[in-house]
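*Asks:* Pasting in a structure now, in structure tokens, and then I'll have a few things to ask.
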Amino acid sequence: MSASVRTYLEIMRYENCLMAGFAAIIGTLIAFNILTSNAPSSYSPGEFPLFSSVLIFLAVFLVAGAGNAINDYFDVRIDSINRPDRPIPSGRMKLKEALYFSYTLFALGTLLAFSINPICGVIALFNSLVLIFYAKTLKGTPLLGNLSIGYLTGSSFLFGASVFGLEGLKALFVLFLLAALAITAREIVKDIEDMEGDKMEGADTLPLRVGAKKASYLAALIGFLAVIFSPLPYHLSMLGLRYLYLVLLADLGFLAAIYQLLARNNPTKSSKMFKIAMFFALIAFIAGV
């Protein structure tokens with residue numbers, strides 16, 4: 001007996017897929033605004049690509065859902081202990097069914113992306129491979145797993161910007177970089193926060209490998225790089241003064257997160273501060289055009 005529609009949506013973690021899709025739309029909007037305001041004479045984005053935006057949303061939604069489904073496929077043993085209510089360990093979905101479902105979503109999402117333009121398609125294909133490799137291997141690899149999450153999260157914005165080809169990627173590269181750095185730093189902080197539980201489960205994370213102190217220094221360094229690079233869009237004349245003012249709030253949040261991590265030894269509060277800072281950084285990009 002095949003799984004229900006509700007079970008398929010559950011294994012996709014459709015709420016996360018919606019967030020990833022909307023992040024791509026935000027990337028399209030920001031890239032469009034930047035290119036419209038600062039477009040070189042040889043390039044103009046024209047009218048806002050509404051139809052392509054719908055396609056990019058669907059492509060990101062499907063690829064993200066595929067990544068979540070295949071993650072459950074490889075995590076079936078762990079989930080049978082920690083999350084027995086998940087679709088596979090609960091018996092509501094067969095193991096092979098989850099695998100075939102994820103491959104179908106990967107294929108549909110990638111085909112949709114290629115229908116927009118080759119750059120969108122290449123990003124979809126590459127991200128699909130990263131998601132498969134992450135679920136199978138990278139998730140249990142110290143630092144590389146954190147970097148993978150940072151890249152994949154930040155690439156949602158690049159995905160949306162790729163509607164405009166290479167010019168779109170150039171316009172959104174700094175936002176991608178800031179998001180990737182901030183997410184990577186926060187992922188390391190979360191691993192520090194979860195050290196006791198991860199140790200009991202036999203997980204191999206960066207803090208368990210090198211110690212909480214060294215991992216904290218690395219997370220702080222990566223977060224500080226996000227602060228250093230944050231004024232770049234203003235200095236490159238991509239975004240205006242509003243961006244600079246608003247991103248300063250984000251920078252204060254990043255610095256507060258670093259302070260909580262290093263001076264107060266409070267990874268839980270640091271993780272929350274990183275999340276708040278990323279929200280202000282996103283607002284700065286939206287409002288800064």
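Cβ from N, Cα, C; glycine included.
According to Swiss-Prot, the transmembrane segment annotation covers 17-37, 50-70, 106-126, 141-161, 163-183, 221-241, 243-263, 269-289, on the basis of sequence analysis.
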*Asks:* In the same chain, who gets a Cβ under 8 Å from the transmembrane segment (106-126) while lying at least 6 residues past its ends?
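*Replies:* Residues 52, 55-56, 58-63, 66, 132, 155, 158-159, 162-163, 165-166, 169.
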*Asks:* Other than its close neighbours in sequence, what residues sit by the transmembrane segment (50-70), given a CB gap under 8 Å and a spacing of at least six beyond its ends?
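*Replies:* Beyond its ends, the transmembrane segment (50-70) has Cβ neighbours at 11-14, 16-18, 20-25, 28, 98-99, 101-106, 108-110, 112-113, 115-116, 120, 124, 127-128, 131-132, 134-135, 152, 156, 159-160, 162-163.
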*Asks:* Give me the stretch from 17-37, 221-241, 269-289 with the greatest number of Cβ pairs under 8 Å to the transmembrane segment (141-161).
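*Replies:* Stretch with the highest Cβ contact count: 17-37.
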